[in-house]
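Undergrad: If you scroll down you'll find the structure; I have some questions about it.
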Ligand SMILES: *[C@@H]1O[C@H](CO)[C@@H](O)[C@H](O)[C@H]1NC(C)=O
Ligand SMILES: *[C@@H]1O[C@H](CO)[C@@H](O)[C@H](O)[C@H]1NC(C)=O
Ligand SMILES: *[C@@H]1O[C@H](CO)[C@@H](O)[C@H](O)[C@H]1NC(C)=O
């Protein structure tokens, strides 16, 4: 009896030791060959994605007259002089400066082949080629050749808005004066209104932020980067969405915490408000700067100022007219960043408010402003976001 027991135990120990050794061995192998495995997966990905490839081809074919000019990869290489002049880098790939054969300048965005299933590519082609508005970038062409995908836009000489709005706080002059800031804010509002209005389909951008606003030679703003955009039927006001998309600091609370309301065009309105507040303040709303002790949340601060009818102390204001303009931009933004989506104005209302008189604007309800804590901002992991709200 005892012998049988010890025999079984012996076998059992052997077995479990074997299992542990095997697992460890497998893990070690996985670790050492991770590069190879990834590459293999990538190859497999492209083989099994012949279907995906066909889908995109079918989509482009259906698009027919909508789809802009198609270029092959060697043409893309030639127009960018073998990707010599890099303009920038984003999550979806790199952007290079290029020249078309007729001499006009273009920005060529080369998408990472591996990310996603070509969704961003389709999103961009489908969204932008449907649009024609002075405040939306125009797509001049695209390239789709196996895993080589590129989007070709008109070149914007002044680059992205981001470059112009954040500056040293000691500086008393702004890079962009108030008349231009106002013009830019109004232009983006008009562009967004156009995207949201649509005829049969409306376009929700889901990634409005200074980085994605381009400026032409006259500082006319153009909304760009439709990689996260969603086309939806005009009828459906609430969009179903898997996973959060957007950028911390601009992302609407309902996208992260679904119990706050449905995701809709109002989510873009929120991002727009956050962006305009940054333009007004010349700084990030959530300042992750050097001074860790005085972390103040700029929108909170502005709301209190307006409520107490105090000076906003914004830099670069030259006269009464600019003062009024700045106050108007702040008021409108505070409406836009309301936590409850139904309290936010539509983009056409935003345009109307910006163009109207300051006196006709009502004070937004005292909001529970949504302020992500520093740890949330630092982690930049949208998925693991805590839903925190703080009272003003
Ligand atoms: C790319 O397109 C150009 C012009 O349409 C053509 O001359 C060239 O042969 C094409 N290259 C490849 C590799 O298909
Ligand atoms: C060059 O061609 C592109 C499209 O092929 C067109 O949009 C652009 O206006 C042209 N530029 C000039 C200077 O003709
Ligand atoms: C904006 O673009 C125009 C035209 O290329 C250029 O002359 C101007 O210097 C640019 N402005 C800034 C501030 O970069």
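Cβ from N, Cα, C; glycine included.
Taken from TrEMBL, the feature ATP binding site applies to 109. Taken from TrEMBL, the feature domain 'Protein kinase' applies to 81-369. Residues or ranges marked as transmembrane segment by TrEMBL: 12-33.
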Undergrad: If I take every residue in the domain 'Protein kinase' (81-369) and average their pLDDT values, what number comes out?
TA: 84
Undergrad: If you count Cβ atoms within 10 Å of the Cβ of residue 109 (ATP binding site), leaving out that atom itself, what do you get?
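TA: Here the count is 24.
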